[in-house]
Amino acid sequence: MATGKIVQVIGAVVDVEFPQDAVPRVYEALEVQNGNEVLVLEVQQQLGGGIVRTIAMGSSDGLRRGLDVKDLEHPIEVPVGKATLGRIMNVLGQPVDMKGDIGEEERWAIHRAAPSYEELSSSQELLETGIKVIDLMCPFAKGGKVGLFGGAGVGKTVNMMELIRNIAIEHSGYSVFAGVGERTREGNDFYHEMTDSNVIDKVSLVYGQMNEPPGNRLRVALTGLTMAEKFRDEGRDVLLFVDNIYRYTLAGTEVSALLGRMPSAVGYQPTLAEEMGVLQERITSTKTGSITSVQAVYVPADDLTDPSPATTFAHLDATVVLSRQIASLGIYPAVDPLDSTSRQLDPLVVGQEHYDTARGVQSILQRYQELKDIIAILGMDELSEEDKLVVARARKIQRFLSQPFFVAEVFTGSPGKYVALKDTIRGFKGIMEGEYDHLPEQAFYMVGSIDEAVEKAKKL
């Protein structure tokens, strides 16, 4: 085990000099005793002359030149397997929930090759989420990748919590949650929400919050992914939740300049597409088991053309776009049914009835969107009878796309609803065909199935 010395510290980037014949390889872990703490560094570049440039996985405060650094001769390794379920860990796989050791039987390196082309498998099977707007407009595939796009405060984390709760209770699968650069409060809420829903023993939690150094946030997604890969390789169908993939990119941007790389567009790292690819190519399903991933993607300044969300788009099967405009109408989940897409929305996959219903809903909402300008200038009375009917149905559809969530019961005061796909299709088909034209539009707001809307109308 070779020993080196620190020669330079710039923020999160630390240069270490080793003997010429024992230079650590790229991505190997190094350890340095910093006061009472043991700090782990990860090698990023070999600069020549025995010097390696590393990223610190913790705070580099208190480091100084001349400190001894040990080469561990392997990449960062984290616990995997069933022992991680119900536990909160950090980027190094150390427990942070004060419940003692993980007691794992196996540790895996966080840097691994993606499965080969022969091992991959694709599935056409749908994953029912119980959320109407998602199941109808942008259905998820088992073993697929989903992105939740949205600006600040439109409900990405709440949507993700609801998905975990529904899938854990209705499908009883294992989940891994990687919290990348998000608020500590959200991590805390999340843990308590999972405990209250009695699904904590099916979820492994890996956190690297906003206050952590960039090296930590850059690697915590890989830690979570490694745990998910282990479950997949045991032949299970596992869910991987990443909140938030943008912070992973941002952490790369923060260290990129310190590593001496030229910035590219908007100041992002020049290796943006490659870094995203390395992570995304590993999130995949093999012939042994599947990883279905749901990734929250923060959209800076609500601009979907920003390089970070734009790079993420390319890797996804389904995109759920959350809109501030819909949130401002009080319709939650604030999913934009015209912007959200899914590769699965194909009559050969979902069936003709589902496909026709989804496209019908989109065309009615699109027509309403076009008529809004006329209504704003001339008022409703100037519309033809046909258009008035379209507007009335569109407004009902818009309200019916809202739904009370289990994880948001404290905010909404109404009990959560899980809606089966067949009920969702039946409801929207009925509204489109005019079966519910006689009901007031308030009846459709914040209900589960269409039968509840009919009941609610009787009380209005």
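Along the chain as shown, the residues are counted starting at 1.
Cβ coordinates are placed from backbone N, Cα and C, and glycine is handled just like the others.
Owing to the predicted nature of the structure, the values given are computational and were not obtained by experimental measurement.
Feature list (source: Swiss-Prot):
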type	residues	note
BINDING	G150, G151, A152, G153, V154, G155, K156, T157	ATP binding site
Same chain, not part of G150, G151, A152, G153, V154, G155, K156, T157: whose C-beta falls within 8 angstroms of the C-beta centre of the ATP site? Give them in sequence order.
Y298, L322
Among G150, G151, G153, all listed as binding-site residues, which has the most CB atoms within 10 Å of its CB?
G150
Among the binding-site residues listed here (A152, V154), identify the one with the smallest other-Cβ count within 10 Å.
A152
Within 10 angstroms of the C-beta of K156 (ATP binding site), what count of other C-beta atoms is obtained when all protein chains are considered?
27
Where does V154 (ATP binding site) sit in DSSP terms: helix, strand, or coil?
coil
Across all chains shown, how many C-beta atoms besides its own are within 10 angstroms of the C-beta of G155 (ATP binding site)?
21
Counting across all protein chains shown, how many other Cβ atoms sit within 10 Å of the Cβ of T157 (ATP binding site)?
22
